[in-house]
Ligand SMILES: *Cc1c(COP(=O)(O)O)cnc(C)c1O
């Protein structure tokens, strides 16, 4: 094997999404497929989730929506979190996207450029990232309500911490701004779904849980990543491995050099913390992670391995993320373009 092998289990994604849809209760479960479905392939993932019953898809940018439209066909709803930005009009119109308008400026732009074109509204309930502030919403709501927005949504900042006071505060703000509007409402991503029924409203927006990541602890693992060993050598006690001589062999050791590095999304921050696996047996990374290569101590294995796994049953995305000081989301969205990608499970 000369190329690293990334295997993406579409059946696991479908099972995770179905589980989150069940947990969403009476609410419809949408599917968040921004950033190329968290690096896993928006076209393949969305088509499969559509076959499972997903109807409402969410992307970050209009151009992602254009690509997604080709994958899901004309009937699906495609919402755009960044709303209607300058220069997006042709994409929104051409691909029939639903911008989630974030400001009075976006409302004005949308109404001027595409009068009569469907839209939704994103409200800020305290995260201060995207969405209309409460005062702006109060000012434009009477006019906008007459135009029947398709959805009104907001996003929780701390939903992965169920005990965090911010959750209740944002819920109260969302209700204050949207109760009695009669609009279809959405507040929760994966974390919010797990907070319970009062957070579900009409439509939920699961992302990471479908892709096998925390905070959905019951998620089935989705990705497997196996790296080829280029060569194996023995080093004597006192010899060093890699750039900067940061690792010195404490005793004679056998070192495997695997073909993948930070250019493939295996973050340099794994240096000193990361592990690869031979089956269930952990093998520590030694020396700095290079652009295309990493050193692994395989002294304790009975024979030199031909491949070593970095995402596998013994080490999922969240465990690898922890070793790199980050989150599963970043591990997934960093997965590189040089892997041979194989999809298992049934396609749409
Ligand atoms: C990314 C995102 C989601 C999905 O979040 P997960 O935590 O991955 O489930 C939902 N809504 C918005 C606004 C987002 O930015």
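Cβ atoms here come from the backbone N, Cα and C positions, even for glycine.
Here's what TrEMBL has on this protein:
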ACT_SITE  34  active site, proton acceptor
ACT_SITE  243  active site, proton acceptor
BINDING   129, 291  substrate binding site
DOMAIN    222-344  domain 'Alanine racemase C-terminal'
MOD_RES   34  N6-(pyridoxal phosphate)lysine
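Candidate recorded positions: 34, 129. Fewest other C-beta atoms within 10 angstroms, 129. Cα spacing between residue 129 (substrate binding site) and residue 34 (active site, proton acceptor): 17 Å, rounded to the nearest whole number. There are 12 other CB atoms within 10 A of the CB of residue 243 (active site, proton acceptor), with all protein chains counted. Residue 291 (substrate binding site) is 11 Å away from residue 243 (active site, proton acceptor) when you measure Cα to Cα.
Residue 34 (active site, proton acceptor) sits 26 Å from residue 291 (substrate binding site), taking the CA atoms of both as reference points. Around residue 291 (substrate binding site), a 10 Å sphere centred on its CB holds 11 further CB atoms from the protein chains shown. Secondary structure of the domain 'Alanine racemase C-terminal' (222-344) per DSSP (helix as H, G, I; strand as E, B; remaining residues coil): 24 helix, 51 strand, 48 coil.
DSSP assigns residue 129 (substrate binding site) to coil, not to a helix or a strand.
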